[in-house]
Amino acid sequence: MTAPFLSSLSPTSPLASATAPFPGSRKVYARPADAPHLRVPFREIILSDPGEAPVRVADPSGPYSDPEATIDLRQGLARHRASWASARGNSTVTAGRPAPSEGDFEAFPLTYAPLRRRDETPFTQLEYARAGVITDEMIYVATRENLGRDSAVAGACARLAGGEAFGAALPAHVTPEFVRAEIAAGRAIIPANINHPELEPTIIGRNFLVKVNANIGNSALGSSIEDEVAKLVWAIRWGADTVMDLSTGKAIHATREWILRNSPVPIGTVPLYQALEKVGGDATRLDWAVFEDTLIEQCEQGVDYFTIHAGVRLAHIPLTASRTTGIVSRGGSILAKWCLSHHRENFLYERFADICAILRRYDVAFSLGDGLRPGSVADANDAAQFAELDTLGALTAVAWEHGCQVMVEGPGHVPMHKIKANMDRQLATCGEAPFYTLGPLTTDIAPGHDHITSAIGAAMIGWFGTAMLCYVTPKEHLGLPDRADVKAGVIAYKLAAHAADIAKGHPAAQLRDDAISRARFDFRWSDQFNLGLDPEGARAFHDETLPHAAHKTAHFCSMCGPKFCSMKISHDIRDGALEGADALTQAGLDQMSATFRASGGEVHLDAQALDALAWEGKPAR
């Protein structure tokens, strides 16, 4: 089944709008001085005021927003990381396994022999970091975090001092050595499977910019390979730093392969979903052999991180009995059913060391799943949630012992006054491993608007220390998100992450805000649109009432009109004050000159003469 847009990017393709350059922007690349073979992408927003420098922003959209790039989804993206792995010389080619038969769904047309570690020399990013080795990936992400700057941004120390980072240690300038040290300590990860050479690496940790994940994936009730690839490109256009493919419908393997070969961002999955599909959807038939086979299959494809629900233990399940909403995690409910039907401990918990052994062969990172997360504010911070978190802390230590990178997943639904306790407990329990949270949603009354209530909690927990925020779309609890929902969810979460970065005192976070504030005060409407997260959306709103080109230079908008615009009035006040100040200054100079002449023109006066002089009724001294 060949899709038209997979063959070419025609103007009618679902990807046409996702691959156009951003208005008023250009794609730029930085080459680190200590690794000039690397090419790190950014976006620069060009401003209309010649006195304003271009504003550089992070850009996870890969080549899709580069007008110089040729996009061919059937060929996939350039495999630039392949040379990095080859230069290390510690991997070996394996035969791999044939792709499963998935009916008439079209497989990705190209095949590649998978790689895996060759020996016990350092291979994962964590092992390299502990050995004191700075990898290409570490240099790459340091350049990304600095937006390509060779030194700290002006005023960095003041911004750091002005923020409240709750114990985080953001540097004024991110160096590759700082990245290495954070990874070695387990406080950060670079998800980068050796079999995902198309990847543009990113770093996840609380001492770096807060990242955003977008979930995509088909279901038994809808979507297609074409739709999911389009959602991938759409999500990263609006700022998703990683993407999880949570497909549970048909052609899970083929869908994932198309996504991986065309993804410049890390891809995560929940292997349990495909394992369940392999046993016909019957959770009681799951076993280690099926799960192991699924893990290896996805490692060989190039998945960068796995959600593993190994913390759902048999003894924890009764703790959920009194909950308002029970177990709301798909993975958690599947494993709870397995545990109860067999009356055995979770086989993922029992075989966790074996899972570590598999993941370290490919440098796949753990995302330890929160299968017992609260699904309502009534259940927040309960015994079941924290019992699982304690288990995840112990499993984090086990994964580190095996040289595996780890982040830990978190809730969920948590009211605002209980959010910080989640962050504090995770840091203490999990040794400061990066926290990756779904929201949390701060109230349960927002069906259709859960991207808003969850972004409130996301901004707070991001400020408190969460390293990556998993987006929620308006369709949460209601249905499978489409492209419009993906965009709304990503933008809501980019706002939350950015707000957290500013509050933490990130040195460069506020530069974009300051630029848009100056543009707003100067009535540079096009600059305002282009500096925002959604330039097209902002322009469309302005066009609804002021559509003509002349309106883009007007000193008012339709909210206030020309006579009630506060910024226009502020300009008038400022201009008048400056003119008045000049007049007052001249009057004062004239008066003092007259006083000097009245004193006889003497430069030195005795005390009695000074006391005789007065200006505006005040003594002269």
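Keep in mind that glycine also has a Cβ here, set from the backbone N, Cα and C atoms.
It should be emphasised that the depicted structure is a prediction, and the values quoted were computed from it without experimental measurement.
When the candidates M138, M244, M559 are compared with the substrate site entry in Swiss-Prot, which names N215, Y273, H309, S329, R330, G331, D370, G371, L372, R373, E409, Y436, the shared residue is M244.
Looking at 1-29, 30-58, 523-551, 581-609, the range annotated in Swiss-Prot as region 'Disordered' turns out to be 1-29. Taking the C-alpha atom of H413 (Zn(2+) binding site) as reference, the shortest distance to any of the binding-site residues N215, R373, C560 belongs to R373. Cα separation, C560 ([4Fe-4S] cluster binding site) to H477 (Zn(2+) binding site), rounded: 38 Å. Each residue contributes its Cα atom, and for Y436 (substrate binding site) and C565 ([4Fe-4S] cluster binding site) those atoms are 42 Å apart.
Ranking the binding-site residues H477, C557, C565 by the distance of their Cα atoms from the Cα of G331 (substrate binding site) places H477 first. Separating the Cα atoms of C565 ([4Fe-4S] cluster binding site) and N215 (substrate binding site) is a whole-number distance of 41 Å. G331 (substrate binding site) falls within a helical segment according to DSSP. In the three-state DSSP scheme, Y273 (substrate binding site) falls into the helix class.
Taking the centroid of the Cβ atoms of C557, C560, C565 as the [4Fe-4S] cluster site, the other same-chain residues with Cβ within 8 Å of it are F556, S558, M559, G561, P562, F564, S566, M567, K568. Close to G371 (substrate binding site) in the fold, though at least 6 residues off in sequence, lie H309, G311, V312, I327, S329, G331, G332, S333, L335, A336, E388, each with a CB less than 8 Å from its CB.
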